[in-house]
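Taken from Swiss-Prot as is:
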type	residues	note
BINDING	HIS56, HIS58, ASP148, ASP301	Zn(2+) 1 binding site
BINDING	HIS58, TYR59, ARG60, ASN90, ASN274, HIS305, PHE319, GLY320	substrate binding site
BINDING	ASP148, HIS175, HIS228	Zn(2+) 2 binding site
ACT_SITE	ASP301	active site
Amino acid sequence: MQTVIKNGTVYQNGRLIHADVLIEDQKIKAIGTDLTGDKVIDATGKLVSPGLVDVHVHYRDPGQTYKEDIETGSKAAAHGGFTTVGAMPNVTPVPDTPDLMKKMVQENKQKGIVHIFQYGPITKNETTDELPDYAALKKAGAFALSNDGHGVQTAQTMYLAMQEAKKNDLIVAAHAQDDSLFNHGIVNEGEKAKELNLPPVTELAETTQIARDLLLAEKTGVHYHICHVSTKTSVELVRMAKACGINVTCEAAPHHLLLTEDDIPKDNGYYKMNPPLRSKEDQAALLVGLLDGTIDLIATDHAPHAKQEKQGGMQNAAFGITGSETAFSTLYTKFVKEDKVFTLEQLLSWLSDQPAKVFGLKKAGVLEPGCPADVAIFDLEHETELKEKDYQSKGINTPFTGQKIYGATVMTMVDGEVVYQRGEK
């Protein structure tokens, strides 16, 4: 059967064109005008995009499925227009052996409704200085390496890890955090920490480890990717490293682009995340970094928690914010429609073809004949409200609930099959 998406504004190769999209046998067959098919999806007045790509999600499965599981996490991704995600390995048990990795990859495929690529850990159990067998993990299905949630504390361990990752052509995606400098902090070091009387987090906890790792990456030649950069100095370090030819890429998270420490209204656990919300100066540097290419992509760091884990104030709340279901609409509303900081084409690139390109996910994040029919359709014209009852994730820990947005997802397709449709649970 052939399905045609008619009369949409299609994002293709960095451009927006008025076109139809023809789907057959789970793939894009053609993009053009006056196309016909057995089934017609009317996209008049809608944006037709490649399925978005999020290289940074936490699905808590196995080990903490009361927070999220593969099924609900992938449903949340589809609700946000994402059809390809990278799942972090900070689950229980950590997939640090070939058998555990194979099981994770199999579970992702069986339970997920989107394409889920699985990270392996940089170190065994994410908390030791012992390296797993990277070659075996890659053979079992690991697409990259990360200890996200933990910084690699020992320089020698990271140096050895980068050498082995380079040998096995694996990306090292780092959560840059020096625990001795983080020092159990909660809020960015500044006036807000003083106002709330909460332990501060110095930006040095992030920047010193980035500086260290950039030197190690230069020495080893590994592809070093930095997760959720959040400070002006981090951006400056990456900019200098790229100018020196170091093989480094990095991502920014939607919440660090949209919010600052000044937006924390009170001691509210929904605003507790790691890295913390930073200053307006840091936020401005992130936006400049995206626009000048220093920051390569946007990734959500979708980190769901049970409701009770985010209550009782920031001191006791868990770190983390959800993002899969709110990323595109909140970023589009703020930076494209209202403030006109980005173009729609730029935003779509940072959320689709760029993350796919950085991580070597061939045929993801693009609409081209022969590619999988992974498609997202968005409504840019009508205002809606973000409501808890509409979330597909088990986690509702986002401060964006109640916000009026444009860019709600109308439909998401994976391999030509509808996996999300607005109005249907």
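Positions of Cβ are set from backbone N, Cα and C atoms, glycine also.
Projection of Swiss-Prot feature records onto the structure.
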{"residue": "HIS56", "record": "Zn(2+) 1 binding site", "Cβ neighbours (10 Å)": "27"}
{"residue": "HIS58", "record": "Zn(2+) 1 binding site", "Cβ neighbours (10 Å)": "25"}
{"residue": "TYR59", "record": "substrate binding site", "Cβ neighbours (10 Å)": "31"}
{"residue": "ARG60", "record": "substrate binding site", "Cβ neighbours (10 Å)": "26"}
{"residue": "ASN90", "record": "substrate binding site", "Cβ neighbours (10 Å)": "22"}
{"residue": "ASP148", "record": "Zn(2+) 1 binding site", "Cβ neighbours (10 Å)": "24"}
{"residue": "HIS175", "record": "Zn(2+) 2 binding site", "Cβ neighbours (10 Å)": "24"}
{"residue": "ASN274", "record": "substrate binding site", "Cβ neighbours (10 Å)": "21"}
{"residue": "PHE319", "record": "substrate binding site", "Cβ neighbours (10 Å)": "17"}
{"residue": "GLY320", "record": "substrate binding site", "Cβ neighbours (10 Å)": "24"}
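HIS305 (substrate binding site) has HIS58 as its nearest neighbour among the binding-site residues HIS56, HIS58, HIS175, HIS228, going by CA to CA distance. When the binding-site residues HIS175, HIS228, ASN274, PHE319 are screened for a C-alpha within 10 angstroms of the C-alpha of HIS56 (Zn(2+) 1 binding site), the residues that qualify, in sequence order, are HIS228.
On a Cα basis, ASP148 (Zn(2+) 1 binding site) lies 7 Å away from ASN90 (substrate binding site). The CA atom of ARG60 (substrate binding site) is located 17 Å away from the CA atom of HIS175 (Zn(2+) 2 binding site). Looking only at the binding-site residues HIS228, HIS305, the densest Cβ neighbourhood within 10 Å occurs at HIS305. If you measure from the Cα atom of HIS58 (Zn(2+) 1 binding site) to that of PHE319 (substrate binding site), you get 12 Å.
Annotation: ASN274, ASP301 are the binding-site residues among TYR59, ASN274, ASP301, PHE319, GLY320 whose CA atoms are within 10 angstroms of the CA of HIS228 (Zn(2+) 2 binding site). Within 10 Å of the Cβ of ASP301 (Zn(2+) 1 binding site) there are 29 other Cβ atoms, across all protein chains.
When the binding-site residues ASP148, HIS175, ASP301 are compared by Cα distance to TYR59 (substrate binding site), the shortest distance belongs to ASP301.
Take HIS58, TYR59, ARG60, ASN90, ASN274, HIS305, PHE319, GLY320, the residues named in the record as contacts for substrate: the widest Cα to Cα gap among them comes to 17 Å. In sequence order, HIS175 are the binding-site residues from HIS175, PHE319, GLY320 with a C-alpha within 10 Å of the C-alpha of ASP148 (Zn(2+) 1 binding site).
Comparing ASP301 (Zn(2+) 1 binding site) with GLY320 (substrate binding site), their Cα atoms are 8 Å apart once rounded.
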